[in-house]
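Lifted from TrEMBL, the feature list:
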- B:79-263: domain 'ABC transmembrane type-1' (DOMAIN)
- B:21-41: transmembrane segment (TRANSMEM)
- B:83-105: transmembrane segment (TRANSMEM)
- B:112-129: transmembrane segment (TRANSMEM)
- B:135-155: transmembrane segment (TRANSMEM)
- B:190-211: transmembrane segment (TRANSMEM)
- B:241-262: transmembrane segment (TRANSMEM)
Amino acid sequence: MLRLEKLVKTYKTGDQALKAVDLVVPDGQVLALIGPSGAGKSTLIRCINRLVEPTSGKVYLGDTELTGLSSGALRRERRRMGMIFQEYALVERLTVMENVLSGRLGYVGFWRSFLRRYPQADVDEAFRLLDRVGLVHMADKRADELSGGQRQRVGICRALIQNPALLLVDEPTASLDPKTSRQIMRLICELCEERGLAAIINIHDVALAQMFVQRVIGLRFGAVEFDGPPEALTPDVLTTIYGEEDWEATIRKVEDDDSEIEAAE
Amino acid sequence: MPVREAEGQKLWQRRTGRESLAHWVMWLTGVAVFAYCWQQISEATTWFFVWDAPRIAGDIWTRATPPKWEYITQLGKPIWDTINIATLGTIIALILAIPVAFLAARNTTPSVLFVRPIALLIIVSTRSINSLIWALLLIAIIGPGVFAGVVAIAIRSIGFCAKLLYEAIEEIDETQVEAITATGASRWQVMAYGIVPQILPAFAGIAVFRWDINIRESTVLGLVGAGGIGLQLSASLNVLAWPQVALILIVILAAVVISEWVSAKVRGAII
């Protein structure tokens, strides 16, 4: 279980990205975080694993409070939080296998990782995960030879091989075409279900979020404006999150697109 | 204001009247300064020597040709020394440049206030002094010979390599570093996985580029007594043995051409 208490982030420039956010994510819940650009979505998930240092507030992962940890203890806790990035953030010049195994860096020592002598159990798990996402034949390819969708799957494997309790997912589909976006979202949600993982997914595509998640959080100017099931996202709610716009098309599109794609498949 | 209105039409010019005038004045001053300098230089030149130059050059050319081909037997060792000076110097420089570059790069330095200025000072000071001058200093300190040449080349190259390398480090894609950090990797693991793969091509390029420059620089180090083919060159020049000088120049040219070819091949293969 993840619990945020009065989490505040003020950047040096004076921008208040997060204003006392309170949030509880139970085990196994997949949650979408929506909101306009600059609402603090990326800052929120980066404050959880402290890629961005929160200004004040508390973050509990299980029973451990993360904001006060020393760097060594923080590294150990980061292993329990897998992260998936918008532009995949694979190390381009390393192979797919090396990228997946880099998810184990928190568990192996420097020289083992430097000499690429990972424990056989890790290698087995890497092959299992690559097989699960359908990329086992690509294991020896360099990451920059892959297409966007394939890269994101490698990114998912890298996050999962950490054996995390929580996935932090930052705009996983923003650089992908609509069909691949759905496949990636479906894969993330299926894997979360298989492994009982909680996940926080930042996403711009409201319709896509509605299709896959159990709970939606709407963020606006660093504060939670909406918290509820995807069905409760009405045009009025979207207006409070994003501002005035004709939302009927956005929401109705969900069912239309969906049936079209299902029919096509 | 380049846009003005006349007879209901909007006219646009590149510059306003005032700007055009300023341009004219600038050009006029430039030409005047050039003419004045030309005159000064002309007065300070002994024109007799200049008119004489083609004849002297022709004279040296006839004395220097044909090159003394049999002298090549004595050049094998010196050119080998020269290549060794360049190669060893480059390797030592690269080993020393790597930590300096990491300390100088804004995104990897442990302290922007204290460590980075020191690293930048090392880069500037080693770069600003020519390898010939380093060689002169080092010969005074450790005596003449190949070793002084190696050290001179190494010191001269640290700044160059470290500067290019730290610029490469500053240009890396930070999200890859973020992703590795997020796995719980230690500082050194982040370096080995997030940074090193990204700068490896730049590093290889810098290494062969500097090696190529060092081959050329080390050919002249012998002039001041730091070993290599330059020693032979200065000895031959001192006794006015022009056919030997000609052969040495040909050998140097060949070495430089080969090194350029090798470095082009290596760079092509890596990048």
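Each residue's number is its place along the chain shown, starting with 1.
Using N, Cα and C of the backbone, Cβ positions are placed for all residues, glycine too.
TrEMBL entries are annotated by machine, without manual review.
Most Cβ pairs under 8 Å to the transmembrane segment (B:83-105), among the stretches B:21-41, B:112-129, B:135-155, B:190-211, belong to B:135-155. Same-chain residues lying 6 or more positions outside the transmembrane segment (B:135-155) and placing a CB less than 8 Å from one of its CB atoms are 81, 84-86, 88-90, 92-93, 96, 126, 214, 217-218, 221-222, 224-228. Residues 100-101, 103-104, 106, 155-160, 162-163, 166 of the same chain lie 6+ residues outside the transmembrane segment (B:112-129) yet bring a C-beta within less than 8 angstroms of a C-beta in it.
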